[in-house]
Amino acid sequence: VLSPADKTNVKSTWDKIGGHAGEYGGEALERTFVSFPTTKTYFPHFDLSPGSAQVKAHGKKVADALTLAVGHLDDLAGALSALSDLHAHKLRVDPVNFKLLSHCLLVTLACHHPAEFTPAVHASLDKFFSTVSTVLTSKYR
């Protein structure tokens, strides 16, 4: 459960990211594919080469979903219900992949915003991404 301090840290960080969320989402997704090659299996129809427009576009979708989540921190399950259905029933993404992408998102954000990436912010973002991952995998059961 996100504490009030966590929610403040997440919202504040997301505000600082601003218009770069899509760019960072693409970078994090590319980092995930490079660092964890098994994640590529869900994207056989994508050009997965560095700088791929398809990877950038999907990264923007990831960032848009996270932006939606940031706007609904008190109702993540409701806000992400359709995405949870999609990933559980249609795409059948292995839940571990959400953890891998979350890690790569943290690395990407730390690279771009080192001064703001304090231990408290790191912990809050980690809890946020973990909570989002839990919501996205909740319909697997």
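Each Cβ is built from the backbone N, Cα and C atoms, and glycine gets one as well.
According to Swiss-Prot, the feature O2 binding site maps to His58. Residues annotated as heme b binding site in Swiss-Prot, with sequence analysis given as evidence: His87. What Swiss-Prot lists as phosphoserine is Ser3, Ser35, Ser49, Ser102, Ser124, Ser138. The feature N6-succinyllysine is assigned by Swiss-Prot to Lys7, Lys11, Lys16, Lys40. Per Swiss-Prot, phosphothreonine is recorded for Thr8, Thr108, Thr134, Thr137. The annotation N6-acetyllysine is assigned in Swiss-Prot to Lys16 on the grounds of similarity to another entry. Annotated phosphotyrosine per Swiss-Prot: Tyr24, in sequence order, evidence recorded as similarity to another entry.
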Proximal residue to Lys11 (N6-succinyllysine) among recorded positions Tyr24, Lys40, His87, Ser124 (C-alpha distance): Ser124
Of the modified residues listed as Lys7, Thr8, Ser49, Ser102, Thr108, the one whose CA lies nearest the CA of Thr134 (phosphothreonine): Ser102
Sparsest-packed of the listed modified residues (Ser124, Ser138) - C-beta count within 10 angstroms: Ser138
Those recorded positions, out of Lys7, Tyr24, His87, Ser124, that come within 10 angstroms of Thr137 (phosphothreonine) at the Cα: His87
Modified residues listed as Ser35, Ser102, Thr108, Thr137, least Cβ neighbours within 10 Å: Ser35
